[in-house]
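According to Swiss-Prot:
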type     : residues : note
DOMAIN   : 400-519  : domain 'RCK N-terminal'
TRANSMEM : 5-25     : transmembrane segment
TRANSMEM : 55-75    : transmembrane segment
TRANSMEM : 87-107   : transmembrane segment
TRANSMEM : 115-135  : transmembrane segment
TRANSMEM : 152-172  : transmembrane segment
TRANSMEM : 181-201  : transmembrane segment
TRANSMEM : 207-227  : transmembrane segment
TRANSMEM : 230-250  : transmembrane segment
TRANSMEM : 268-288  : transmembrane segment
TRANSMEM : 291-311  : transmembrane segment
TRANSMEM : 324-344  : transmembrane segment
TRANSMEM : 356-376  : transmembrane segment
Amino acid sequence: MEGSDLLLAGILFLFAAVVAVPIAARLGIGAVLGYLLAGIAIGPWGLGFISDVDEILHFSELGVVFLMFLIGLELNPSKLWKLRRSIFGIGAAQVLLSAVVLAGLLMLTDFAWQAAVVGGIGLAMSSTAMALQLMRDKGMNRTEGGQLGFSVLLFQDLAVIPALAMVPLLAGNGDEHPDWLKIGMKVLAFAVMLVGGRYLLRPVFRFIAGSGVREVFTAAALLLVLGSALFMDLLGLSMALGTFIAGILLAESEYRHELEIAIEPFKGLLLGLFFISVGMALNLGVLYTHILWVVMSVVVLVSVKMAVLYGLGRFQGLRRTERLPFAGVLSQGGEFAFVLFSSASSQKLFHNDQMALLLVTVTLSMMTTPLVMKGIDRLLARHFNAPDEDAEMPYVEDDKPQVIIVGFGRFGQVIGRLLMANKMRITVLERDISAVNLMRKYGYKVYYGDATELELLRAAGAESAQSIVVTCNDPEDTMRIVHLCQQHFPQMEILARARGRVEAHELLQAGVKQFSRETFSSALELGRKTLISLGMHPHQAQRAQLHFRRLDMRMLRELMPVHTDNAQISRVREARRELEEIFHREMQQERRQLDGWDEFE
């Protein structure tokens with residue numbers, strides 16, 4: 001691609017993402033499917049703006065590379081060692097069982113046995129990028145099903161290496177006498193990377209961090225990711241595996257969080273580019289001429305993989321409620337199929353349209369996954385939200401709650417217990433299945449599901465409830481629920497949890513007057529006790545605490561219109577000085593009033 005063509009392609013990618021992803025989010029089908037649809041629209045079989053799909057697809061694999069580095073940062077070697085049985089046990093079983101079944105089915109459709117073996121192995125792989133993104137979106141990272149899913153994906157990454165080595169042998173082009181010297185050099189180079197990374201990376205990053213220049217640290221992080229990817233690629237190994245190992249080597253370092261911050265923006269953009277490229281690679285011509293074969297293939301592929309994964313999840317001891325999400329999130333074909341099938345095609349293993357049919361099947365299966373997960377969510381919601389005839393009468397008997405609580409973590413539990421102690425009728429909306437099970441045992445009226453969906457809020461009684469308390473961990477979810485309630489349930493008073501000043505400003509801008517910053521009150525209380533320990537009278541300390549709370553809220557409201565404007569930093573400092581002077585004057589006036597508490601803020 002020439003420079004101008006590359007610039008035009010970049011603009012088209014960004015434009016397609018900006019248009020398609022918000023529309024997909026509004027339709028509730030997820031950002032990943034939005035990226036795929038955007039790729040179809042601008043690709044050679046859509047509007048035809050971009051035709052060089054192969055080059056862009058190869059470049060976009062960097063999104064998976066960055067993602068695997070960040071995953072490695074979250075896993076230290078001890079955690080990885082604990083996963084060894086699920087990686088080489090369940091992971092190996094999934095690839096083997098899925099490949100055998102799918103290869104057998106391909107042989108029934110006139111594939112030669114060599115092509116069927118390659119096709120079965122390729123289709124057995126799942127999309128690391130899509131599965132991990134969906135697991136994060138669904139909060140599966142903290143569940144046993146999510147950990148098992150990650151183990152399966154990691155084994156698939158490892159399995160790609162011998163699978164690629166097998167292709168020339170199946171084609172009859174393999175060497176009778178392998179070059180053991182070449183193999184030994186690759187193993188030695190890999191060992192050097194491990195040892196060098198173990199002992200050199202931390203001193204290098206310590207030296208770079210000592211410069212105090214953030215841009216240099218970001219450049220070093222990018223150099224590490226891209227360098228390890230290139231090194232593994234030169235060895236003929238998986239680029240994603242190389243960056244994953246680099247991440248693990250730094251997982252216990254003091255620079256872990258700084259590296260995550262430096263890499264995160266690049267990961268998001270490149271992952272979006274990857275999904276757009278996959279959408280562009282969809283051959284609509286083959287789809288049109290073989291529509292029945294392709295549709296049946298997608299259904300069979302997703303069904304076979306879900307059945308295998310569900311059975312393995314049951315064998316592993318996953319709870320019934322975690323088996324379906326575990327099976328669904330890995331049910332698609334993956335990006336490694338593109339690499340494997342391309343290698344097989346170069347060895348003349350496929351005939352006629354066989355490779356194109358397999359690639360279309362993989363691409364469409366990736367597009368079904370967000371819809372499959374949405375269906376699983378609805379199925380689980382119907383299961384959990386259905387009334388249990390054998391259950392004891394719950395503490396909350398009225399079908400019309402006074403208060404709806406969204407999220408029942410540590411913050412939400414305190415609110416719920418306080419309301420229950422005062423005989424208030426509450427309904428809890430929670431996405432964590434284990435929390436739903438526990439809450440129902442204690443007699444709470446709980447709905448499983450995503451509170452950003454209008455129908456779930458209606459089912460929970462939002463049309464008649466007096467208040468809703470939003471305690472989500474995700475600020476974006478909080479704002480979605482706030483806007484949804486303002487639009488459809490204006491009678492409800494909205495109370496929300498803010499994790500900090502930025503979220504507090506956003507809530508104020510949205511018109512939410514009742515909110516609580518999660519650390520502010522506890523910090524003020526500890527500050528009051530500190531003043532008392534320094535000799536201040538308890539009444540004065542209480543009054544100082546209340547004054548500070550009132551003045552801080554005033555500053556929060558005054559600075560709300562300019563909180564996103566970097567040019568207004570001087571205005572922030574000026575306002576802070578003004579409020580400190582006001583606080584000092586008020587405290588001076590009441591310095592001699594040692595008795596009596598202020599009633600209100």
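Glycine residues also receive a Cβ, built from the backbone N, Cα and C atoms like all the rest.
The average pLDDT the prediction assigns to the domain 'RCK N-terminal' (400-519) is 83. Between the transmembrane segment (268-288) and the transmembrane segment (152-172), fewer than three CB pairs separated by 6 or more residues in sequence fall under 8 Å, so the two stretches do not touch. Counted over residue pairs separated by six or more positions, the transmembrane segment (152-172) shares at least 3 Cβ pairs under 8 angstroms with the transmembrane segment (230-250), which defines the two as touching. Remote same-chain residues near the transmembrane segment (291-311) are listed as 94, 97-98, 101-102, 105, 109, 123-124, 126, 152, 323-324, 326-328, 330-333, 357, 360-361, 364-365, 368, 372 (criterion: CB distance under 8 Å, separation of at least six residues from the stretch ends).
Counting residues per DSSP class in helix, strand and coil order gives 50 helix, 26 strand, 44 coil for the domain 'RCK N-terminal' (400-519).
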